[in-house]
Amino acid sequence: MDLSPRNRPLLDSSSLDSGSLTSLDSSVFCSEGEGEPLALGDCLTVNVGGSRFVLSQQALSCFPHTRLGKLAVVVASYRRLGALAAAPSPLELCDDANPVDNEYFFDRSSQAFRYVLHYYRTGRLHVMEQLCALSFLQEIQYWGIDELSIDSCCRDRYFRRKELSETLDFKKDTDDQESQHESEQDFSQGPCPTVRQKLWDILEKPGSSTAARIFGVISIIFVAVSIVNMALMSAELSWLNLQLLEILEYVCISWFTGEFILRFLCVKDRCHFLRKVPNIIDLLAILPFYITLLVESLSGSHTTQELENVGRLVQVLRLLRALRMLKLGRHSTGLRSLGMTITQCYEEVGLLLLFLSVGISIFSTIEYFAEQSIPDTTFTSVPCAWWWATTSMTTVGYGDIRPDTTTGKIVAFMCILSGILVLALPIAIINDRFSACYFTLKLKEAAVRQREALKKLTKNIATDSYISVNLRDIYARSIMEMLRLKGRERASTRSSGGDDFWF
């Protein structure tokens, strides 16, 4: 499309509302200057996305670091010196120009430009409510306005949304790379490609078939039984059959081992497989059992002292069996969202620990010196006071160490109050991040189910077999599920004070 001035349709003042910001008869800058209106030659017309704005060059020159400020300087230089001016060409700052009518064209959003226009009028930049933070950032960067110029009333909302958008974009890119890597699993190389493909779908895609769903349920049952069995083995009750519990432990470990080996044999890139967090958790869940068997089998010919050391090692290894609980993360969106939230909020968590450490150090020292002179006091040292300050600031309050003096109780009250305030600071950020991660995973699961259904439909069409999948139903279900998730996300944000507070 030719955008040259001779072929571009120009809007005259009759086609615009005389009271609007885009009217040529009522310029926002060509008003009164020193008692008289500015001449038309002192103004320039800016056409942004088809909307025309008449701006004062003098007012634009007050913002020389912006694109329009630079354009005003260039236009003024060309008027004085003509083509011999040392300034750059106006076409370096705009998409097209009509020097005859002094009109300059920009292929940008006219809606976003109204906020830029308000910045030139008042020196205050406000954020669009209808536009995402990253898109608004692109617009103001194009016009040469720094995001630090955003007014204080919109600054918190803008940076909060920008951080959330950047986090979700980074997570989306990571998930896309993971999905691409998984989709590129080449099962054609190696033995039994069809069997490996079907087995991989059963192991890694619980919603792909009835067999996959049954396998997922059985896996969850084995995890739950293993955890309960581990707890019963430590109870040492007289009515429990320890031999039966040991047999049950062997059965659960055999299931976990077979599940891990099948996953390992199905994949092509086994180094990448071993680096993934879910597979590391699976490996840590079964290794302590085999290491314990190995240690116990090799401890027969050792001395008593060595046997005691081996016993301690075995006890530590048995504690690692609690990691089996993390295997539920394969089947729980909430657990995966919790892991993502902790990973993404490490700065907030670190800041929380720093605040707690400072408070514990201060209040424990004060409390120790306030209580040390009391007979039979429980504050025997500063480390003991650390334990008291920790339980008090986290509002646990075991009661094993407590103050007896009035001064100590006042300090305890201040410690508890400061703990409540410190713990409440990052909760809103972590809650928003958890909600965003949860609904992102839900949308991803919906997209995966839709993709699997489309693959099944494509395969049926290619083999001329009976088509049991309706494409329209797949699309309708996916859209309805996404709308439902988006509605829940908005309701969650509103209930946590998100949009209602910021808007």
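Quick reminder: no glycine exception, Cβ is built from N, Cα and C everywhere.
According to the topological domain annotation in Swiss-Prot, K268 and A436 sit on the same side of the membrane. For the ranges 119-124, 275-280, 395-400, the feature annotated in Swiss-Prot as motif 'Selectivity filter' maps to 395-400. Residue counts for the motif 'Selectivity filter' (395-400) under DSSP, helix first, then strand, then coil, are 0 helix, 0 strand, 6 coil. For the topological domain 'Cytoplasmic' (335-348), DSSP puts the residue distribution at 13 helix, 0 strand, 1 coil.
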